[in-house]
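**Q** Not my notes, these are from TrEMBL:
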{"type": "TRANSMEM", "residues": "32-52", "note": "transmembrane segment"}
{"type": "TRANSMEM", "residues": "161-186", "note": "transmembrane segment"}
{"type": "DOMAIN", "residues": "171-453", "note": "domain 'ABC transmembrane type-1'"}
{"type": "TRANSMEM", "residues": "206-225", "note": "transmembrane segment"}
{"type": "TRANSMEM", "residues": "283-304", "note": "transmembrane segment"}
{"type": "TRANSMEM", "residues": "310-328", "note": "transmembrane segment"}
{"type": "TRANSMEM", "residues": "389-416", "note": "transmembrane segment"}
{"type": "DOMAIN", "residues": "465-712", "note": "domain 'ABC transporter'"}
{"type": "DOMAIN", "residues": "794-1056", "note": "domain 'ABC transmembrane type-1'"}
{"type": "TRANSMEM", "residues": "818-844", "note": "transmembrane segment"}
{"type": "TRANSMEM", "residues": "897-929", "note": "transmembrane segment"}
{"type": "DOMAIN", "residues": "1095-1327", "note": "domain 'ABC transporter'"}
Amino acid sequence: GGATRTPPGNWDRNQTWDSDAPRFTSCFQNIVLLWFPCLYLWLAFPFYLLYLQKHSRGYIRMSAIFKTKMTWTLSSFLDLSQNPCPEATASFPSKITFWWFFRLLWKGYKQPLTTEDLWSLAEENSSEEIVSARRRRRASADETTSLFQPEYGPSKALLKAFWSAFGTSFLVGTLSLAIADVFLFLIPETLSFFLEFIADPEAPRWKGYLFAALLFSLGCLQTVFEQQYMYRCLVLGVRLRTAVSGLVYRKILVMSSAARQTTTTGEIVNLVSVDVQKLMDAIIYLNGTWLAPVRILICFVFLWQLLGPSALTAIAVFLFLLPLNFVISKKRSHFQEAQMKYKDDRAKLTSAALGDIKILKLHGWEKKFMEKILDIRSQELQALKKSQFLFSLSLTSFHSSTFLMTFIMFTVYTLADAGNILNAQKVFVSLALVNILDRAHSFLPFSINAVVQAKVSMNRLAAFLALEDLNQTTSGSDMCFSLPSSRRPNRGFPSSSNWNASFCPCRINLTIPHGSLCAVVGPVGAGKSSLLSALLGELQRMEGSLRMKGTVAFVPQKPWVQGATMEENITFGQRVDRNWYKRVIDACALQPDLDSFLAGSQTKIGEKGVNISGGQKQRLSLARAVYRRADICLLDDPLSSVDAQVGQHIFERAIGPNGLLKNKTRILVTSAVQFLPQMDNIIVIVNGVISEMGTFQELLQRQGAFPGLADGRLQGPVPAKEALVGGLPPGPPSCCPYARLLLPGLFSQLAVSSPFQAKAPAYLKYLRAAGGLLWACTVLCFAWQQGASFCRGLWLSLWAGDPVRNGTQQNTRLRLGVFFFLGLAQAAGKFGSVAAVFLAGVVASRKLFRQFLWDVVRSPMAFFDVTPSGNLLNRFSKETDSIDCIIPDKLKSLLGFLFNLLEICTVITMATPLAVVAIIPLTALYAVFQNFFVITSCQLKRLEAASRSPIYSHISETFQGTDVIRAYKDQQRFMAQNDFKVDRNQRASFPAVVADRWLATNTEFLGNSLVLCAALLAVANKGHLSPGTVGFSVSWALQITGVLNWMIRSLAELDNTIVSVERMEDYSKTPKEAPWSLSSHFLHENWPSEGAIVFRRYSLRYRPDLELALKSINIKINGREKIGIAGRTGAGKSSLAAGIVRLVEAAEGEILIDGVNIAHVGLHDLRRSITVIPQDPVLFSGSLRMNLDPLDTSSDEEIWAALEQTLLKNFVLDLPDQLAYECSEGGLNLSVGQRQLICLARALLQKAKILVLDEATAAMDLETELRVRSTVRTLFRECTVLTIAHRVNTIMDHDRILVIESGQVAEFDTPEALIAQKGLFYRMAEESGLV
């Protein structure tokens, strides 16, 4: 009896597998384990040699540990100014687990993070690398040139350009995702072997431990590769945002004037906030559009192996659900497009309202504009609600499809043949595969939704980038432009709205010698400003040419001021020359203003110059042009906003023949005819044509159009006053009401929130906004859904444990029926829970937005003086979008995963009670990870949000001042500023991305540890557990990695996003204006009937800590009296007007109108009884009729009558759509004079008893001004009229003159009496040449 010997070989199953003590064969150890490493080296050597040659590295690379040690050693000797990202020096394990981030995580946990704590931006993520010309040169010329050309398909060209820049990185990330999917599908196969081991009582235990270790290892490998994919995609998203921000900003700088009028600041902010976020989301979800079907196909292959042909019956579910979801997605895309359109309309109207909030408050229009905004908002939320309802249906169908597939497969498998047995292996491996199928199904709607939204955003972005560019060419220092040859704008342009509704210059023949002083005069709307625009190349070319030699400086009619210091506004990027700077300050009469500011030249100016007067803004704009020392100075009526003395000073010291610009070529558009005798040449423009040209005396002798424009009293030169030679007398600090509002760094401090604000109030605010009943129904639906899921899994485990008798299982039909009922119950709960969350989100969004809008609009003007518009625009765009879409989505995910986690822990504890020992410490670790992550992540989000607002403010500022930036050829500097702001924002965005990956990776590792624990306990208690119970426990435990990861991520993202509610809630705590209306029983219906105004010891200050701007004013103005208000710049004239309409409340005393104290009257009741025409005429984006009658209280006949009375009827009749003519944002397609006349017509329609004119005729020529003054005298003869004027001749025909000096009443009497007194008013009249 010889024993049977196993022949020697590399593999012996009895020795290596079917044994209680397995080991490799001797042959395998001596051949494979010995020679395989050598074979690897031989095969790798040629490739390594090529690598060394290609990279010129003839040396062995130092290890990461060695490099880290060297860097640490050198850093102790060197002063490293930068804070480099530690990723570059991290070890391999640290890189794949993201533990190189832990130092910043710990710092954020221990102390508040600041910008200095953030890493410096890697070169490949910087704007310089991504958007600069050097980067663009790497792309092909065709891609670069086609990017902005619509005829090549702008959307496709843009996509191609993005792919050429980021495609390689995206493909590397896609490879990581594909490898992760390989490990994902190996897990169910390993589970199959594990359950086979459990079912075999004779199997050795080491196999169970091996399978448990494999389940853990495969889960960890799948985590590593999937998180690397997510990391690459999110970093790619950060780079894409940099690219889009740079492209949009650069497009703003090259857009033609016609293109600028087709878009608004709000729409552009949406592009770089909302739309770019959609593109970033699409990067993550794009692979889901093809990977989900691949996953589904592989799942069916494995299911075929388990259940045979029965698995294919589930295809019927796809054939039914895919067309359904395609229809849902297509329908939803229509609602999303509608929502984006309403979002843009809302952003446009909100931006206009915030930009000109002072006008709304002066006229009491806040409520009307609120209603318009809320009406658009209601339509936006209606589209969102329908979109979310369809999304809920889509999610439910995809979620239910897994149940339907399982039900159909098990039904066909068990009923087709009574011998088909559903054991634990088939049931729970099938469920594991179906869970993968469920992930694919869940990922697919998100992917489709993200791609659809990205397509919409891509089209919007491409449409913006394809807008018409400025056709401007340069050759050396010469600039050649062509001027339009049409006589009317609708012939020279596609439509009159493309540029300016005034006349455009046509057939201009003009030569201006170097160093000459040339004036441009003409009536309102004649084309004076258009001539300067043509010289700057801002008009569309038709025919002819123009050559300008040398550098250019430009002063626009509406001054453009940056949100920077006074010095930065004046030097405008140039080196500071102190001597020249002081001379410019003196010449532009800014020294008294600087003396009154606490910070002097370092005073920070608010956005749009909200905290300085109109005259100060104009002089600041002029100082910028003078400081530049350009060869050519184009000055568009810079003297219209200053009084006669200041105007004379500026002309003498800066513009005139003896001023700082005396050797420069100066083209001055002006209506100040007292300076015309000193001009070298005067150009008279009428209807867009140069009607005559010559010196002052020559034009007077010709008796053409010029004498009608010039007043006869000014036919001789006006001598300079000796009093002006020594400069302006410095005014006291109290003469500037904003002096102490202008503090260095004030605005930057307002933008940053405290890093540790309590979240609970924000959550409670959001939950209360939706209502307790709705949330109770939501939680009930989630509990119902998860309870049905638990019962369904338990029912399957019992089914798998049914005994087999005679080769069949009993009660199969009963098992199928109950399983089907539980699945339907779960589907109903799923739809109810998701729909309830989204509905609650819409309800909460509606209430929160309404309250936020109310809080902002009800804030006083002082709030808007110190709050940058970028902060508000950010909350109305980005934060509102977060509350609309992100918070409900994250809340839905959090609740779903939380109930899912409770179910999994219940299942594991029920199967192996000893698992509680592992669950408790793992739960503690989860809590620690979450605590670390949430604290640091929230600070990073706050830093990111705080650095985002300056980007929006800079975009808004640039959009408004594009013509000035282009005139000064400063595009490159502004691009660099934008790049710096974007990079500073990305410094906070990048660590936030890493924080998310650190959390996801390490929580999934802990989840895999729980799977290992459940599997090891099952092996240890193998004899006491049924295969069905083990399958139920382990297959549910396999879901915990994804559930925990997504739950903590959802919680963290929700915690970060709830900051949006916090940031909106901040404005509810700001001071508010007095009530808009009061039930004043003492007010009769026609109040005020007389318009009598009495000031009793009235004093005013702009803030409690400031000095009085008006001091003890005691005057009485009779009803229907015409009062002129005069005084030096900063004397308090506009403060008096602000006090009458209660833009600023009284510090002392009172104002009575018809015997009623205005402090006891509602603000709207007061402001609608007083009409104010401000110095800067403002029109809103919309029809001309809407601008004339915003409250829609006048008939068309009344509107046409008002237009006729204000000399605008013929002009409006010539417009393409007449009253329906669309005014662009700010009324930029109308001249300043035309806008002022429209404001006057608006005042006529309001029929108020008190009219306040604040330099309302400053932008008009003398002829138009005389006609307007005559109109005011005639049409407002029954009204009390207060006229604030810098030009004394404007108020000489008034009943009485009020002269204000340093906030006090200096003189108050008739013009004749004041001239006879020879006081302040006499000196003003004398300076103006009137006496």
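Just so you know, glycine gets a Cβ as well, placed from its N, Cα and C.
Those TrEMBL annotations? Automatic predictions, nothing curated.
Thinking about packing and proximity, how do these listed features fit into the structure?
**A** Sequence-distant contacts of the transmembrane segment (283-304), counting only residues of its own chain at least 6 positions beyond either end whose CB sits under 8 Å from a CB of the stretch, comprise 170, 174, 177-178, 181, 185, 188-189, 230, 233-234, 236-237, 240, 311-312, 314-315, 318, 409, 430, 433-434, 436-437, 439-441, 443-444, 446-451.
Within its own chain, the transmembrane segment (389-416) has Cβ neighbours under 8 Å at 303, 307-308, 310-311, 313-314, 316-318, 321, 324-325, 328-329, 331-332, 335, 422, 427, 430-431, 434-435, 437-438, 441-442, 444-445, 449, 792, 809, 812, 816, 819-820, 823, 826-827, 830-831, 834-835, 838, counting only residues six or more beyond its boundaries.
Under 8 Å from some Cβ of the transmembrane segment (897-929) lie the Cβ atoms of residues 782-783, 785-786, 789-790, 793, 999, 1002-1003, 1006, 1009-1010, 1013-1014, 1017-1018, 1021, 1025, 1029-1030, 1032-1033, 1036-1037, 1039-1040, 1043-1044, 1046-1048, 1050, all in the same chain and six or more residues away from its ends.
Per-residue pLDDT, averaged over the domain 'ABC transporter' (1095-1327), rounds to 81.
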**Q** Give the nonlocal contacts of the transmembrane segment (818-844) in its own chain as ranges (CB under 8 Å, at least six residues past its ends).
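**A** 381, 384-385, 388-389, 391-393, 395-396, 399-400, 403-404, 406-407, 410, 766-767, 769-771, 774-775, 777-778, 781-782, 784-786, 788-789, 791-792, 795-796, 799, 883-884, 887-888, 891-892, 895-896.
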